[in-house]
Structures are given as C-alpha cells and as structure tokens.
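Visitor: Annotations per TrEMBL:
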BINDING   Thr142, Val269  FAD binding site
DOMAIN    57-348  domain 'Glucose-methanol-choline oxidoreductase N-terminal'
DOMAIN    462-603  domain 'Glucose-methanol-choline oxidoreductase C-terminal'
Amino acid sequence: MYGVIKYDVSTVSGSLLNAFVLLINTLFFNVKLIGDPEQVYPKDISEKILKEQETVFDFIIVGGGAAGCAVANQITENGLWKVLLIEAGDYPSPSSEVPGLFTTLIRSGEDWNFLMLKEPRACLGLRESRCRISRGKALGGTSAIGNLMYIGGLPEDYDENGFVQWDGSIFRDIFMHLEDYTGSEQSYYGHGKGGLLHFEDAVYNESAKDMLEVHYIKVGSKRMPKRHSLGMISHFLMTKNGERYNMAKVFLTPIKDRPNLFFSKNTLVESIQISEPVDKRATGVNVSINGIRLSLRARKEVILAAGPINNPKLLLLSGIGERGYLDKLKLPYKAYMPAVGKYLQMHVALPIYVSLNRTCPTCEPEVYNETTLYQDTFEYILQRKGRFTHTGVNNFVNYILTKKTGTTLPNLSVQHMYFRIEDRNLLAWLEAMDYHPKIAGRLLSVNKLNPMMMFLVTLIHPLSRGELNLNETHLLGDPSIKGAIFSDEESSDFDTILSGFNYITNLTTVMDDLAAEFMDIDIPNCRNYKFCSMRYVKCYIENMVFPMGGVGGTTRMGPECDETAVVKENLELRRVRCLRVADSSILRELPRSNTIATDAAIGYRLGEILKEKWMKDYEAKFKVGKEEEEETE
C-alpha cells in the first residue's frame, strides 16, 4: 500500500517507480487518479465460482484480450445468454494506464514473457541468449501493455489469407463500424466515427520526428499518401484524456453492468471439456483459481481467444492434435488435428543504435535528469499532459520496400525511440530487453554524453515458420516454442533484415549535420570481427534481432478437408463442434502491423457469427457463410 490507495507498481522500476510512487502519495488528495478497476471494468466473480455459485454458462470465452472482449461485447447483447469471460491475469495496473511507461511493462507481471527455445540465428546477445515473446497477461491483453499504436493493417494483408469472406474489404467495413476517430488525419481508407474504438492523434513536441523526416526525405522516402502503403506516417494512439485506452475499455466498460456478463480474473484454463466418443463437442472448461481446480459448463459454445501461443497449448492439452504425439505424453486423444501449433509466424525486429551530436539543435538534447522526470510526472498527474501522455517518436513509422518483387507493399517498417542524454527511458528499455551486461553498459556509457536514436527495423512479412509444442517436463507450463527465425529456404527473411540494416546505415551518412554514428555496442560474440565488416553485420543481426509485434498462424483457417488447417471459415474447429478460435491464431498470413485491431475485428465478427447461429431471425452485418443447423438448449 502506498498512502491510503493500493496500487500495484511492480511493473515500474528505478527512477520511474520512485517518481510515480512519490507523486501518488503527495497528490492523491487533490487530483483525479486512476481509480478502482471495478468502476471501469466488470466485477470479478472468481470467488463465486470457487464457492460453486456460478458454474454453468451459455458461452465461455477464454482470454480477455482484444478478441475476447469484442466477442463478449457482441454476444451479451442477448440478455438471455449467460456469458463468462475468463482472464489469466488481473485488471490492468495503474502504471499500464500511463502511455509514457509502456516500455516498463515488457517482462513485467502483466507480460506472459514466453521464453523460446534457443534460436541459432536470433537473440544471441541477450542475457540468456534466448528470445522471448511479449504478450499481455491482463484484462485487455496485449492492448494493455503494448506500444498503443492503432493500426488496422492493409486490405492486401487480409486478401493474402485467401478467403473471400475474410478479405480486406470485410475488415475495412468492420473497422469503419467500430472506430471512433475525431481528428482530421485520414489513413488508407479513412476512419469511422461514432463507434466504440477510440483513438487519437499523438500530441507531443515533434522536433525529433521532424529531424527524422528531413533526413528520410534525403534518401528517397516520402510522407505516405492516402491509399498508399509506403512512406512515413505518424500512427494514431489508443489514448483518451491522457490515458491508455485498451480494448477492455473499448468493449467492456460500456457494458460492464450487463447482468448476463460474468468475468473471472486470475483464472487459468487448463483444458477444454469435449464430449465423446461419437459427438465431438466442446461442453466446458477445466480451470484453476488460486490453486483450486474445478469444471465449468458451457451450454452452447467455448471460444478460445487466449492468443497464438496459449490457444494451441490448450487444444493440445485437451487432446486435439496429432495422435502419436498426444499418446507419447499420455494425454487423452479426442480429435486428429496435426496442424495445431504449427505454422507459427512472428514479426522480428533489429534495433540499430545511432549516437547524435550533443549540441544537436533539433533533437531535444537536454539532460533528462531527476528534476525533469519529477516535472513530467507532476504535469501528468495534475493535468494529464506532457511527456507521459504519449510514446515519443515511437508512433512515427517509415514503411519501406527494399526489394523489387513486383509489389508496392512494404517488407519492412522502421520504428524509432529517441533517448535524451542520461535518459531514464533508455534504462527501462535495456531492462526490458535484458541484453548482455556488456552491451547494456556500452549503451548507457554513450548516453551519459550523447543523445541517441534507436531505429527498430522490423520484418513485417516473414516467410519463416516455426512451431510450438507442450512443455514435456511440465505440461501446464509455458509451451516449447521454436521460432525458426531466418529459416526460410532462400534466406529471404535474413536478406530483408540485412537490407534494412544497410538502409539505416546509409541514412546516417546524410545525417552528418547531427554527427550521427552507428554505434559499436561491444557485442561479446562479435568481437572477433572487424566493425562494420560483412561478418560483423551478420553477427550483429543474429545477436540483436528479436521477436516483436505480430504473432499468429498456430491454429490457422482453411477448408474443412485441409489437414494444414485447424479452424473452418466460421472459426469453428474442423472436427470439434461448438469450439471456436477468435484471434490472430487463425491467420495464414500476418498483417504488416501489430494484430491488436485485427484481433478486435475477428472477435467482433465471431460475435456476429454466433448470434446468427443461435438467435432466430438474426441477420449478421458481416456474414461468413451459412451456419449448420444446431439444436439450441
């Protein structure tokens, strides 16, 4: 407890934590702070479940991220249906509400922080030489801990999945229906107004952004025109009144008092109940709350929205997968589904650190000391203004195409983070990345005297495919994840990242007015190579590249007879009735963006599918074929 208000500040560290706690204690009497979560989100009924007062529902949704919240919003419109939304994490913490603290949430208690198997060509410069996948473990999912950017993706992203009923025009219509944008800027097809999904322009001192834009233009980049996909753009942020506007606020806050909406937090789903032997149908879930196990029944359907890592894990634990593998683990076999956990795809990013001239006139070179930090914190808590209300230049992104492939779609994006001299945000970033101490030490040493720009070159259309399986030493633990980064046969992914590296190092040559210099960050594994030689660059990439952004494909969509698919176009499992998957797990190709908006659209549309199936005379706004007839209970 801090003062008389309870706050979980475990997600903030160092000076950021000290400032946050100090000012909460001194100011909470006089200003509006982030309040009781049950004033914002649905009340938790986990204690009632433990007492077996509530164990039977019509629908059970596993996962309170963007997709799960969207499904819950949709199907609770029918007041006769009891709907349970289960979340493994807690309510979002107060620190997660502060946009400027987003980097402190990586590897926090609100992050699943999945540890991957060791990759031979990625993450070798991290402390354990192993990659981690950051996914939100709180109500709102990754939208509660991510970088707040709202990106709907390109129509072509969805067309590439190959399903007419889930193509780009359908996603565009759903986004337009959901959106509430009140600003003046417009993106690819414009934005909707009056919907639930609020986002807005980032308001901040744009000197660093302007500096970047000027120099990008020198190497041929342009501001992204409307209905184009290449060039520079400032993405919108999911913020409102200076606070993060996560997907739980979007979809659950307006309906939190619906009597048929039930929410259980800190609840782990361990498996799905499936009837047998003839009628393969999901009938409920087995859960653990505070170490106590019990079963919950779903009269109609179970919806998996636990994300592309946990969805396949739950299917395997429930006996849905390849029979030989399940038999080896002594798991009861329920349905043959060899593609569960396969075709894992993820965006990967390469950070490139560039030091700048201390006297740079256009890039806020002042020292970011304790006094500045406290001033920023006061301004945020008192007025919801200042540096904590945004993410700096992180939302300024340059989309580039580095290969002549007959397409005008980007293969890389470049995000940015600007660090002033002695910037506390650099320390937070380095703690999140968990670099080898020598690497972190070199970066901090340079930042004592010079401002820095980090260019985050991200592979947004990967060809490599990984897979995940159960943790054979602890079946309920985090799964065994093989990312297979840079494993595509023609090495196209590596070559694309390399072209991005060359693009940024070429950019630094036209930043001579800023004395921009690609930094030698003392990577222990690369000391035997001459700095900037081809062998050094290859070593740099393999040590510094890491998974970031979109993840998907592990329960992908396909025709009912396709053994490389897990779900049909109506998102129901191919051989198990009344069990659906509702997030980026279903995608055969990731969008060239994060998947938060995509997840929301998928979940919202699944809600339409379910209402059309189970409600007489209901006609969906966004159709996905005709559902099979089903007896309702």
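Cβ coordinates are placed from backbone N, Cα and C, and glycine is handled just like the others.
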Visitor: With an 8 Å cut-off on Cβ-Cβ distance and a minimum sequence separation of at least 6, pull the same-chain contacts of Val269 (FAD binding site), or say none.
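Guide: Within the chain, Val269 (FAD binding site) has Cβ neighbours under 8 Å at Val62, Ile86, Ala88, Val285, Asn286, Val287, Ala306, Leu314.
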Visitor: Tell me the residue counts in helix, strand and coil for the domain 'Glucose-methanol-choline oxidoreductase C-terminal' (462-603), as DSSP assigns them.
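Guide: Once the DSSP states are binned, the domain 'Glucose-methanol-choline oxidoreductase C-terminal' (462-603) shows 46 helix, 24 strand, 72 coil.
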Visitor: Can you name the residues of this chain that are 6 or more positions from Thr142 (FAD binding site) yet have a C-beta less than 8 Å from its C-beta?
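Guide: Long-range Cβ contacts: Gly65, Ala66, Ser134, Arg135, Gly136, Gly307, Asn594, Ile596.
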